[in-house]
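S.K.: Pasting a structure below so you can have a look.
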Amino acid sequence: MSYQQQQCKQPCQPPPVCPTPKCPEPCPPPKCPEPCPPPKCPQPCPPQQCQQKCPPVTPSPPCQPKCPPKSK
């Protein structure tokens with residue numbers, strides 16, 4: 001048998017397994033800029049302080065003409 005024939009009788013070798021191609025790393029998601037802080041509202045005006053309630057007006061007693069003391 002020639003050398004070539006003998007080689008042919010060898011069981012076929014499975015084709016070499018190709019290593020799976022290494023995928024490139026997926027791109028990281030784009031970095032979003034920091035969201036704007038909410039606009040700072042001006043301080044709300046403090047509630048207007050109500051004016052002090054006037055004390056109820058006491059009706060002045062009816063005028064009594066003051067009689068001058070009678071001189072004796």
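FYI, residue positions are counted from 1 along the chain as it appears here.
Using the three backbone atoms N, Cα and C, a Cβ is placed for every residue, glycine included.
Feature list, courtesy of Swiss-Prot:
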type	residues	note
COMPBIAS	1-11	compositional bias 'Low complexity'
REGION	1-20	region 'Disordered'
REPEAT	21-29	repeat '1'
REGION	21-47	region '3 X 9 AA tandem repeats of P-K-C-P-[EQ]-P-C-P-P'
REPEAT	30-38	repeat '2'
REPEAT	39-47	repeat '3'
REGION	42-72	region 'Disordered'
COMPBIAS	56-72	compositional bias 'Pro residues'
S.K.: Summarise the repeat '2' (30-38) as counts of helix, strand and coil residues per DSSP.
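M.R.: Output for the repeat '2' (30-38) reads 0 helix, 0 strand, 9 coil.
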S.K.: What does the DSSP secondary structure composition of the repeat '1' (21-29) look like, as residue counts for helix, strand and coil?
M.R.: 0 helix, 0 strand, 9 coil
S.K.: Give me the mean pLDDT over the repeat '2' (30-38), rounded to a whole number.
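M.R.: Taking every residue of the repeat '2' (30-38) together, the mean pLDDT is 74.
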